[in-house]
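Structure record follows, encoded as structure tokens.
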Amino acid sequence: MRKIIHIDMDCYFAAVEMRDFPQYRGKPLAVGGSSDRRGVISTCNYEARAFGVRSAMASAYALKLCPNLILVPGRMEVYKAVSQQIREIFSRYTSLIEPLSLDEAYLDVSDCSLYQGSATRIAEAIRSDIFKETGLTASAGVSPIKFVAKVASDLNKPNGQYVVSPDTLMHFVRALSLGKIPGVGKVTEEKLNALGLKTCADVQQVPQTLLTEHFGKFGAVLYERAHGRDERAIVSHRERKSVGVETTLPKDLHTREACLDVLSSLIPELNRRLGRSASGRRIHKLVVKLKFDDFRQTTIESRAEEPSVRLFESLLSQAFVRAEGRGIRLVGIAAGLVCRSEAEQEGSAQLALSL
């Protein structure tokens with residue numbers, strides 16, 4: 001069986017800030033946007049979490065929960081540089097590394113001969129190296145399969161690790177709450193519970209067709225996970241499937257025209273990102289996202305052989321109808337990408353949106 005490690009840095013952005021600015025240590029701290037500019041929390045330390053502050057929470061609400069919260073803007077270039085340090089540490093142990101974000105990654109150490117091939121000891125060594133060289137702590141999950149390693153990395157936080165051996169894998173999976181499986185959000189979990197399914201053991205007692213009937217393709221994935229199966233390989237180089245840009249607004253917008261003005265302001269940045277990261281691919285769809293003042297959101301998309309600003313405007317107009325009187329707090333646009341054929345690559349490689 002494979003030996004998979006999932007490394008997850010502990011409250012990463014906040015930890016970097018506490019490392020670089022010791023005066024923040026021991027105090028509730030969050031990294032995010034300003035509360036007077038409709039900001040959102042990116043991450044927070046454990047002192048802030050004790051007050052109920054969480055990632056993706058509105059900064060203004062976080063300050064209500066924790067009036068003494070220290071709120072600092074993010075320093076993305078610093079976080080990226082430290083993340084690169086961490087990935088260099090990973091590369092000492094394996095070349096099979098799948099970064100999921102700046103602060104987490106999967107590693108396949110099946111062929112690593114260090115520490116007599118013990119994945120447990122390799123995970124300990126990686127975490128030790130990270131702390132010695134960056135001053136930051138990491139947690140780890142070790143398992144023969146990817147999703148269990150990810151779940152396990154959260155069980156002994158912060159600065160710990162949890163091992164699910166091949167012998168204990170099925171026992172661990174059977175007892176696992178379905179809400180712990182990556183991809184199962186609150187709404188999906190509620191639907192599963194309504195079907196009488198709360199744990200993987202429950203899913204093991206029903207036919208796959210029940211899940212696919214209610215959840216489509218994801219139902220088949222869920223069935224596999226609940227039976228302790230996850231054959232996904234480590235993906236070292238992941239092609240981006242979309243490029244997007246969005247902005248949280250200082251004040252809610254209540255007219256379509258105001259939203260269209262914001263959309264127009266996002267186009268130059270989207271073009272810049274497309275030019276930087278979409279080489280060898282072409283646009284095949286455009287997407288507009290709106291988030292409302294109750295934090296619910298909607299997206300609408302359309303196939304686009306000849307993408308244009310006018311199509312974005314049409315999509316936004318359709319999405320705006322769904323506001324039903326609610327204010328708009330965020331506007332986002334994105335372009336879905338697919339690989340070009342050789343013939344297409346010999347022709348124009350222009351990805352900029354036409355006006």
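A Cβ is built for glycine as well, from the same backbone N, Cα and C atoms used for every other residue.
Taken verbatim from Swiss-Prot:
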ACT_SITE  Glu104  active site
BINDING   Asp8, Asp103  Mg(2+) binding site
DOMAIN    4-185  domain 'UmuC'
SITE      Phe13  site 'Substrate discrimination'
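Taking the C-alpha positions, the distance from the residue listed as 'active site' to Asp8 (Mg(2+) binding site) comes to 4 Å. Classification of Asp103 (Mg(2+) binding site) by DSSP places it in coil, neither helical nor stranded. Its Cβ taken as reference, Asp103 (Mg(2+) binding site) is surrounded by 22 other Cβ atoms within 10 Å in the chains shown. Secondary structure at Asp8 (Mg(2+) binding site), taken from DSSP and collapsed to helix, strand or coil, is strand. Within the model, the domain 'UmuC' (4-185) carries an average pLDDT of 94. Rounded to a whole number, the distance between the Cα atoms of Asp103 (Mg(2+) binding site) and Phe13 (site 'Substrate discrimination') is 9 Å. Take the recorded positions Asp8, Glu104: by the count of other Cβ atoms within 10 Å of each Cβ, the lowest one is Glu104.
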